[in-house]
Every structure is written in structure tokens, then in C-alpha cells.
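Report on the following structure.
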Amino acid sequence: MTAPLLQLAGVTAYYGSIAALKGVDLEVGAGEIVTLIGANGAGKSTLMMTIFGSPQARDGSITYDGQDITRVPTHEIARLKIAQSPEGRRIFPRMSVLENLKMGAAINGFAHFDEDLGRVFGIFPRLKERAQQRGGTLSGGEQQMLAIARALMSRPRLLMLDEPSLGLAPLVAKQIFSVVKELNERDGLTVFLVEQNAYHALKLAHRGYVMVNGRITLSGGGRELLEKPEVRAAYLEGGR
Amino acid sequence: MTAPLASPLPHALKDAAITALIAFGLAAPMMGLVTVQVGGDLALEQHWDRVAWAVGIVFVGRLILNLTLWRPGRVRTKLAVSPKLEARLMKLARWLAPAAVVIAIALPFLPGIERYQIDLGILVLTYVMLGWGLNIVVGLAGLLDLGYVAFYAVGAYSYALLAQYFGLSFWLCLPLAGLLAAFWGVLLGFPVLRLRGDYLAIVTLAFGEIIRIVLLNWYWFTGGPNGITNVPRPSFFGIADFVSGKDGFAAMFGLKFSGLHRIIFLYYLILALALITNYVVIRLRRLPIGRAWEALREDEIACRSLGVNTVNTKLTAFALGAMFAGFAGSFFATRQGFISPESFTFIESALILAIVVLGGMGSQFGVAIAALVMIGGFELFREFKDYRMIVFGLVMVLIMVWRPRGLVSSRTPSVFLKEKKAISGALVQEGHG
Ligand SMILES: Nc1ncnc2c1ncn2[C@@H]1O[C@H](COP(=O)(O)OP(=O)(O)OP(=O)(O)O)[C@@H](O)[C@H]1O
Ligand SMILES: [Mg+2]
């Protein structure tokens, strides 16, 4: 593992009085793809949002690039070149594809807007064809592409994706994963990937974590986890 | 295809009869019995003929609807306006807006235009401006504000009080009124930052009432229910007053004195203010802040994770919206020459909001049309004042049934690759896939 870009130590998070994260330790090295798998309601999305400061961690610390971001407000975390494609995509449905992308680029003041636009249109040609279409009228897969493209528009160092393959045809899901791989290999983008699709995620990732009930129960190399009988039993066989 | 249906008549008759019964229940006390003053006493006058008419109209109308539009099994056409027509209208609208501006500029000098029409024009334009201002808050930022009239009141009272206590001129007070209203906008904005939708609506409603009640009860300062009389009239940009003496506007420009000069001047003043509002809103929509407002309306969490400071974004929406209401308010004060809390009741907020919603939230042109229809229509029905609220309500319901997204529901994107393409709101439904 390389030097950690993102480091979580003993992070807890609550919704009211209900604990969703019960002390999470996790590291994402620079240039790595790290995946987090787990059952429904395990707290994966919560963990991703907690890194982003909503809900804020109650105990523990989150360090990004040597800086403690545990108590930094969400919109300022976004300025640290962390971008996310959140659960449910959360694109702006009534705004056009292009406007959605502009929203993604706003954070660095549109410094290299045209260049970045060309880049994401190169990755997702479908979006270019539909640049003027309203986000809400895109197909599910196209919306996912838009959510990822929007995140990429800010030129992030760390890209966090929450279930990017959700609801996509296997072929499209595969395409999304290969885009992630390419961005990682070619541009050195660090990726934190939350997935239900454990097989593909673990195959793609350098390392993986398994979350059960707000705790990390297993971690290790992607392939290594794939071989583990407990992982196979819980997340692969039948679930694939 | 569905199997041939049984005759719809019995069902239609039954439904119409039930509706007629309800109409009777409503009309009997409201239209059938009228209290009249007989000497010093109240007496009841009976008007069963009116009730019969009302019930008859409801019955026949419902029956006709049941047999035509609401006939069971009728294939519904989704759009009242065909896509082709819509596209053509959109093209037309591009010409219509500049044409409307030209007509508005020429209006005072068109034949057949007299003082009454110019006064009406001033009124309509005031509401156009208020609609455009509120459009920032409701249409763009998606913050449902039911107390917008409060900022209108702040603007009006700012000018009236500054003029009364410090003798400041209208031209000095106009920007001050805008600033003060913006300040109150921020003040309202802070406590409601976390609220959305219905909760926000209730708090803003309360805010509007608080301002009015304070104005009503702060007797020694605001004059309470008596209001403020003799609010100074505006001068011609501080150069000349609209009076008949030799220093007056008419004498200065070698014209024969006419009381109409001031009216025409006021007309152009509100036209200019409204156009400035429109220009600012259109410009802002293309800037990052405008896009952030729209994004905020759609998804606050996504906004925050894209680095948008939602607090500042909301506050600027409140402040800017309030500022334009403040300008309009001080215009209102100088035009009327008299203000009192009566002019700033909830119904005003509701009217402005109705203009924004009917116009198609976020559409500048739609808002202008809606203001013209509503305020102009209100005036048109002045003679039938008993019925105008009914007509007013009916028109609103009909518009919302016909065009649930407002008159002009298409939203023109603010950025383009190559050519402009409007995206019709009626044509495309939101997908949630
Ligand atoms: N806003 C919220 N308020 C209260 N409880 C919440 C909230 N969001 C999530 N939870 C709860 O926190 C727990 C973890 O939810 P989370 O969304 O993080 O799960 P997840 O691992 O992402 O599940 P999935 O795979 O289904 O997306 C769940 O029990 C959920 O009910
Ligand atoms: Mg989740």
C-alpha cells in the first residue's frame, strides 16, 4: 500500500440516537482503488457521506492528505479535490446535462472547463449527444454516467462512487467499471468504491473492506477477499 | 381496445345530481339569503331565483362534462397543446418579449390611452416587477416564500419614514429602501436556512404578518393604522418637480403643464425598474450563483457535495428577492402618496405568488403575462365586483388544470454547446430511474 490519502480512525456516526457507524478504521492509499462491500443497511453510504461531513463523525478522526477534515463543513471538503457520485446519483433533474456538468466544474472556477468537458465527453460520448437534454429525462445508465462525469469535472484526486452499477445492464456496469479502472491507471485517480456488486468490485479493486452493521469485519487485497469462504458465502454465491 | 361500455347516462345523471345538491347546499345560504339593512335593523332577503340558477348551471355543466370530457373510457390526450404548436409558440415568444417591451415603451403615447390606462399600466408593471423579484426566491431557488409582501412593506415604509423624519428625497431613498429590504431578507433567511417546503412557507407567512402587525401597532413611529400621508412625490431626477410653477417640469421643458406628466413619468420609472429587475435576473441565471440557485432547488445535498455554500446561496436569493421588493415598495409609496399597513396584507403575497406560479416558475416572460392577465383581469371585472373573486379563482384553477407547470413551462438552459434549444417542460416528464 502507498501512503494513505484518506485515513479513518475509530469513526462513529449517528442518525439521532441510532449508531450507523460504530468505530470504523479504513485507509485509502494514493493511486489505489479501494472498495467497500456489505449488506443493505450496513452503513456503506453513511460512511461515504460521513467522509463528506454529513452526517459529521461523532468520534474518531478523518484525515485527508495530512489534513484533519473531521469537522470541516461539506462544501469545503469538496474544495479539497474530493468528489463523489452519491447514492441515488442526485443529478439535477430539471437542469440540462451541460448545466449539471457546469455545476461540477464551479468549484475550481471553470478554470479548464472546455478541456475537462472534452475529456468527460470522450469518456462518455452518450452525454455529448444529450448535452442539451434535461438530466431527469436521461436513462438510468446515462444518469449514472452524468453523476460520474459531474464528479470528474472538478478534477478530483479522490473519487468516491456509491453503487455506480446499481440498476444498470451488465454491459453498462462493466463499461462503468472499466472507465474507473482506466481513470485509475492512466490518470492515477484514487477511487473509493462502494458496491453491492461484490464480484466485480473486488476484482477491480486493489484492496477491499467488508462492512457489517457499522463495523469493518474483514479487509485485504481484492483478489484475496474474493477467495475467502466467508465473503463468498455472504456476498457472492447466489448474490451474483 | 376496451369493450363497448354501457350507456354513461345514468351514472352521469347521478353524479350531476349529487353535485347539484352540493351546489344547493352552498348556494342557499351564500346566495339565497342576503342580509339587508332595514332602518337600524338587519333583515334577511330571500333570492331563491339566484339559487335556482346556480344549481341549474352546476347540474347542466357537470352533466355535459360527464358526458364529454369526463366520459368513462375516453382516451385522454396528454397535452392540451400539441408539441408542434408548443414549438411554434416558443419561437413566437422569442419575438413576443421584445415586442412587448416596445409596446410598453410606446404605451403612454398610443391613441386611446388615457390616464386610467396608464394608471393600470403602472399597477400591472408593479406586479410584474414584484413577480420577477419573487421569481428569484421561489422560481429559481425553490424557496416557497409566502411573506414576500413584507419586503414590499419595508421598502414602502423605508422611503415614507426617511422622507418624513429626515426629509430625504426619493432618489436617495430608492437604493436605501432596496438595501434595507435586502437586510430584512437576510434577517428572515437566517432562521429559515434549514427549512424547506411547507415549513418554510409557514415561517415566511408568519414573518409577513409580523412585519404588518408591527407597522400597525408601532403607533408613534409609523402612524399605525392611519398610515403615513403626504409621502413626497418623486421629482424629475431631482432636477424639477412636477408642479405648475415656473420651476416645474413642464416650464423647464417648455411644455404646457399637465397633471399627466407625472403619471407618465411614474409609468416610465416603474417600467425601467421592472426592466432592470428582469435584466439582473436573466444575467444572474447565467452566472454560477444563478445556476447554484437552480441546483439548490433541485437537490441541496448534491449542491453541498459539489462545493456550493448553501447558506450563502440561500441568503443571496432571499436578499436579492427582497431588494427588488424594496425598490417596488418605495415606488409604491411615492406613487400613492399614502401608505398604511392595509396595503401589505397576506392577500398581496398570495397574489404575487400566484403570478409566479401561474406564469410558470422560473420563466420571466410567463410571469409578465400572468401579471398582465391577473391584474388586468382583476380590473376588467371591477364592475362585477361580487363575482370577481369567483372568476379569479376559476381562472387560476383552469390554468393549473390546463398547464400544471404554469403558462410558460419551458426552461431555457443557461449554457449551450452550439445552438439554443428550449426544453419544453410539458413535453418531458421527470424520470426517476
Ligand atoms: N437519514 C437517515 N436517518 C436515519 N437513519 C438512517 C438514515 N440514513 C441511513 N440510516 C440508517 O443507517 C443505516 C445504514 O444506512 P446506509 O444507507 O449507510 O446503508 P448502506 O450500507 O448504504 O445500505 P445499501 O447497500 O442498502 O445502500 C441503516 O440502518 C439506515 O436505516
Ligand atoms: Mg447505500
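Glycine is no exception: its Cβ is also placed from the backbone N, Cα and C atoms.
Beyond the ends of the transmembrane segment (B:12-31), by six or more residues, the same chain brings 47, 50-51, 54-56, 58-60, 62-63, 66-67, 71 to within a C-beta distance below 8 angstroms of the stretch. Under the heading transmembrane segment, TrEMBL lists B:12-31 (among others).
What TrEMBL records for B:51-71 (among others) is transmembrane segment.
For the transmembrane segment (B:92-110), the list of distant contacts is 117-118, 121, 125, 264, 267-268, 271, 275, 364-365, 368, 408: same-chain residues at least six beyond its ends, Cβ to Cβ under 8 Å. TrEMBL lists B:92-110 (among others) with the feature transmembrane segment.
Sequence-distant contacts of the transmembrane segment (B:116-136) (same chain, six or more residues past either end, CB-CB distance under 8 Å): 104, 107-108, 145, 148, 152, 260, 263-264, 266-267, 270-271, 273-274, 277-278, 281, 284, 293, 317, 320-325, 327-328, 331-332, 335, 351-353, 355-356, 359, 361-362, 364, 367-368, 370-372, 374-376, 379. Per TrEMBL, the feature transmembrane segment maps to B:116-136 (among others).
Among residues of the same chain six or more beyond the transmembrane segment (B:143-162), those with a C-beta under 8 A of the stretch's C-beta atoms are 130, 133-134, 137, 168, 170, 172-174, 176-178, 180-181, 184-185, 188, 192, 196-198, 200-202, 204-212, 215, 221-222, 228, 231, 297, 314, 317-318, 321-323, 325-334, 339, 341, 343-346, 348-350, 352-353. Marked as transmembrane segment by TrEMBL: B:143-162 (among others).
The feature transmembrane segment is assigned by TrEMBL to B:168-187 (among others).
According to TrEMBL, the feature transmembrane segment maps to B:199-221 (among others). Nonlocal intrachain contacts for the transmembrane segment (B:199-221), taken as residues 6+ away from its ends with a CB within less than 8 angstroms of a stretch CB, comprise 143-150, 153-154, 157, 161, 184, 188, 191-192, 341, 344-346, 349.
Annotation source TrEMBL lists transmembrane segment at B:263-282 (among others).
What TrEMBL lists as transmembrane segment is B:315-338 (among others).
According to TrEMBL, the transmembrane segment annotation covers B:350-375 (among others). Outside the transmembrane segment (B:350-375), and at least 6 residues removed from its termini, the chain residues within Cβ reach (under 8 Å) are 93, 96-97, 100, 120, 123-124, 127-128, 130-132, 134-135, 138-140, 145-146, 148-149, 278, 281-282, 294, 392, 395-396, 399-400, 403, 405-411, 425.
The transmembrane segment annotation in TrEMBL covers B:387-404 (among others).
Listed by sequence, the residues of this chain that lie at least six past the ends of the transmembrane segment (B:51-71) yet keep a Cβ under 8 A from its Cβ atoms are 8-9, 11-13, 15-17, 19-20, 23-24, 27-28, 31-32.
For the transmembrane segment (B:263-282), the residues of the chain that approach it from at least six positions outside its boundaries are 101, 104-105, 107-108, 115, 118-119, 121-122, 125-126, 128-129, 132-133, 135-136, 140, 234, 236, 242, 249, 320, 324, 327-328, 331, 334-335, 364, judged by C-beta separation under 8 angstroms.
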